[in-house]
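Engineer: Sharing the record's features from Swiss-Prot:
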DOMAIN    32-76  domain 'CAP-Gly'
REPEAT    84-109  repeat 'LRR 1'
REPEAT    159-183  repeat 'LRR 2'
REPEAT    185-213  repeat 'LRR 3'
REPEAT    233-256  repeat 'LRR 4'
REPEAT    260-284  repeat 'LRR 5'
REPEAT    285-308  repeat 'LRR 6'
REPEAT    318-342  repeat 'LRR 7'
REPEAT    344-366  repeat 'LRR 8'
REPEAT    474-497  repeat 'LRR 9'
Amino acid sequence: MKAESSNESFIIGQRVHSLNDSRRVGTVKYVGDVEGYSGTWIGVDWDQDGDGKHNGSVNGVFYFNGRSQSSASFVRSQNLSRGITLLQALELRYRTISTKDEEDEMYVLSAGNRRVSIQLLGGDKIQDKLSRFEELTSASLSYLGVSSLGVSSDLGSILPNLKLLDLTGNLISDWEEIGALCEQLPALTTLNLSCNSLSSDIKSLPQLKNIRVLVLNNSGLSWTQVEILRRSLPGIEELHLMGNMISTITSTSSSDDQAFNSLRLLNLDDNCISDWSEVLKLSQLPCLEQLYLNKNKLSRIFQSVNGTESSEKGSDPFPSLSCLLLGANNIGDLASVDALNGFPQLVDIRLSENPISDPVRGGVPRFVLVARLTKVQVLNGSEVRAREKKDSEIRYVRMVMSKLNDKSGEIELLHPRFYELKKLHGIEDERASAENSGPKNIASGLISITLKCVGPSMGEKPHLTKKLPGSITVGKLKILSENFFKLKSIKPRLFLQEEGSPFPTALDDETATLLDVGICDGSTLLVDEES
């Protein structure tokens, strides 16, 4: 069953797709004549840049504003589809015989915009089961051109057991239609409306008491609309809002309202939030356990701003938050890392693709982050085991001791956990004085490191374990490595291999000591060659 066009007039704002490609979706922006061409034309602004030919102007004549220079085009009405009903889409997806290509395209889109394939094992038996709609518990109708429920549809009796419905990339825009859909499906708990251009006018929306997971990625929503929506979502537990260009989190609710009291996961990945004060407006959500803020524009984290609405007096911010994902932002200071210790339950943190976690951009190695984060159990997706935690804290303390003079105020300001960790691990001051700088003291300052040759031109060489003073420089160790491994005409480059880190850390500062860069007893260094 293919959606067909008709001779009915198209209207401004209507969602349509190309008759021959249901994935080519757009919005009608103009209906009328085009100078130099006969007949009536439909001006469409396509969702994907490049699907059009211009920006809404032709031969110097302006007709409508396109989103970009290549998002707009003029199309004859017979080449556009207004879409099909939900029941027609169900028939198309589950009651027609699928070709191999169509089966390859059958998938459910996860909340994180990843495809989860549906494998049709058992062939005819599964096809027979799927064709009995009353047995369906999940349905993927993505990119089928669904635009409405249809006239006099009784979805409740047709789909009594449907719990998950994926309507990604369709033509739905009317919130009243969405409300009616949820009311008619009594078992529905998960609804994915990603990549539908949803109306900014949200009114007459009923209470969607059964919806637990709502996915609205790339749907053009502002936070003001989210605040209106939340009044109809008393039981919502997961809300996904990726790619909506949200930059501010405003509140339209009164102080008496209990907004999102059951919300456990909020996904704000790939938005435009740059000020941590906006994030702090979420800090009193009582059940929020997971907050995703990857790919935003955050540069700094702090606890509160002089009694702002970020937190109520006497209460901890984010009291239930255990997972905070901040990958691919602009965070570059250690004070922001330290601020995360103020979240009482936070154990899973992502800081990858930030300047602070990239030593090449002036950041710090993984062990420093592990040591400074009091409760961390998972960092950048890798588990922090007890051994790594202990080793990182000891390395960190020794690194600080090698760098700073004994100025307690300065140390406490720059390294808030230093004295706590020094006491925890029983680390004594190791600065040599005139009377205790003899051979015994020098021996006690030696650290055992393992060197591994990995350069492609170095050949196979056995690993070496050496005891060296922590005070020697990286440059000196490079020279020693040349001697240890008899490297002729090869300039070595050293890397520190850290547990839990997917990539080794380059040691390029030749004046830094081993203690400066966090090398301690048991560390492994890779000896590579300069490219």
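For all residues, glycine too, the Cβ spot is worked out from N, Cα and C.
Help me see these features in their spatial surroundings.
Structural biologist: Mean pLDDT, taken over the domain 'CAP-Gly' (32-76), works out to 95 on the 0 to 100 scale.
Helix, strand and coil residue tallies for the repeat 'LRR 2' (159-183), in that order: 9 helix, 3 strand, 13 coil [DSSP].
The residues of the repeat 'LRR 3' (185-213), classed with DSSP into helix (H, G, I), strand (E, B) and coil, number 0 helix, 4 strand, 25 coil.
Residues in the repeat 'LRR 5' (260-284) partition by DSSP class (helix H, G, I; strand E, B; coil) as 5 helix, 3 strand, 17 coil.
For the repeat 'LRR 7' (318-342), the residues of the chain that approach it from at least six positions outside its boundaries are 269, 282-303, 348-356, 361-364, 368-369, 372-375, 380, 414, 416, judged by C-beta separation under 8 angstroms.
Using DSSP to sort the residues of the repeat 'LRR 8' (344-366) gives these counts of helix, strand and coil: 7 helix, 3 strand, 13 coil.
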Engineer: State the non-local partners of the repeat 'LRR 3' (185-213) in its own chain: residues 6+ outside its ends, Cβ under 8 Å from one of its Cβ atoms.
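Structural biologist: Long-range Cβ neighbours of the repeat 'LRR 3' (185-213): 15, 25, 27, 47, 109, 111, 113, 137, 155-156, 159-176, 178-179, 219-222, 225, 228-229, 231-238, 240, 242.
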Engineer: Can you tell me which parts of the same chain pack against the repeat 'LRR 2' (159-183), counting only residues 6+ beyond its ends and a CB-CB cutoff under 8 A?
Structural biologist: 15-17, 23, 25, 82-83, 86, 90, 108-109, 133-149, 189-199, 201-206, 208, 210-211, 232
